[in-house]
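Structure first, then comments.
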Ligand code: DGL
């Protein structure tokens with residue numbers, strides 16, 4: 001079995017962990033939530049980059065064979081640096097699925113809901129530049145949504161109201177496709193459907209990210225054929241704020257039956273640099 005680290009600013013990366021446990025349940029996982037510092041999306045590039053690298057170093061010290069940076073913001077600001085410094089293991093990032101959106105849109109109008117840092121990043125803007133000219137992209141920062149999700153209020157009326165404000169420009173532009181460009185946002189799927197209806201196509205890249213993780217594990221560790229077809233592995237939830245709350249939120253937010261896995265929880269100890 002591989003030990004896979006999954007890291008996010010908070011509970012958003014649970015949407016990726018959920019998919020990983022569906023596709024690759026046999027592995028062991030460490031889920032690292034930096035909830036004491038969420039949201040990342042309104043912090044400086046330098047801060048996000050240094051903190052993300054420190055947390056990934058910690059996951060390597062814990063023995064991880066691969067890391068999923070399950071945060072669009074951290075990927076946009078830090079993935080290149082993390083890959084350079086931790087070159088011994090596969091590092092998989094996530095980014096807003098604007099390419100699949102451009103392929104699936106019928107009317108050429110695509111909304112992207114992401115954090116401010118992601119939307120302003122060079123990486124995201126380089127990705128935008130590769131899109132076909134017929135695509136019109138409506139960018140919208142989801143300010144304030146992450147703290148509400150972190151507080152366990154994803155389904156509250158306050159969240160719905162804020163979401164409605166953020167989605168209005170996308171709705172008014174007539175987008176037929178919406179990219180969920182932050183790993184926290186799949187937890188708003190129901191509210192988004194309530195506001196935008198059933199016909200809008202929602203793009204969430206978690207399935208593709210986990211397929212990429214699988215390919216990279218197979219490429220890096222080709223001899224470990226015995227990884228498949230074994231029982232469910234363990235999941236250790238580490239939080240920089242409150243590990244008991246993290247475990248409880250994982251049980252509430254994820255569709256995986258976590259009880260099939262060996263579970264543990266820990267508070268993030270001081271980071272060695
Ligand atoms: N889940 C993160 C992302 O995908 C988090 C954002 C934040 O902490 O602001 O961008």
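Including glycine, each Cβ sits where the backbone N, Cα and C put it.
Nobody curates TrEMBL annotations by hand; they come from automatic prediction.
Straight from TrEMBL, the features:
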- 71: active site, proton donor/acceptor (ACT_SITE)
- 182: active site, proton donor/acceptor (ACT_SITE)
- 8, 9, 40, 41, 72, 73, 183, 184: substrate binding site (BINDING)
Within 8 Å of the Cβ centre of 8, 9, 40, 41, 72, 73, 183, 184, which other residues of the chain have their Cβ, at the recorded substrate site?
10, 12, 13, 38, 39, 71, 74, 115, 118, 146, 182
Could you tell me the C-alpha distance between residue 184 (substrate binding site) and residue 71 (active site, proton donor/acceptor) in angstrom, no decimals?
8
For residue 183 (substrate binding site): DSSP state (helix, strand, coil):
coil
Cα of residue 182 (active site, proton donor/acceptor) to Cα of residue 72 (substrate binding site): how many Å, rounded?
6
Which of 8, 40, 71, 72, 73 has the fewest nearby Cβ atoms, counting only those within 10 Å, among these recorded positions?
40
What's the CA-CA gap between residue 71 (active site, proton donor/acceptor) and residue 8 (substrate binding site) in angstrom, rounded?
5
For residue 184 (substrate binding site), list the number of other Cβ atoms lying within 10 Å of its Cβ atom.
30
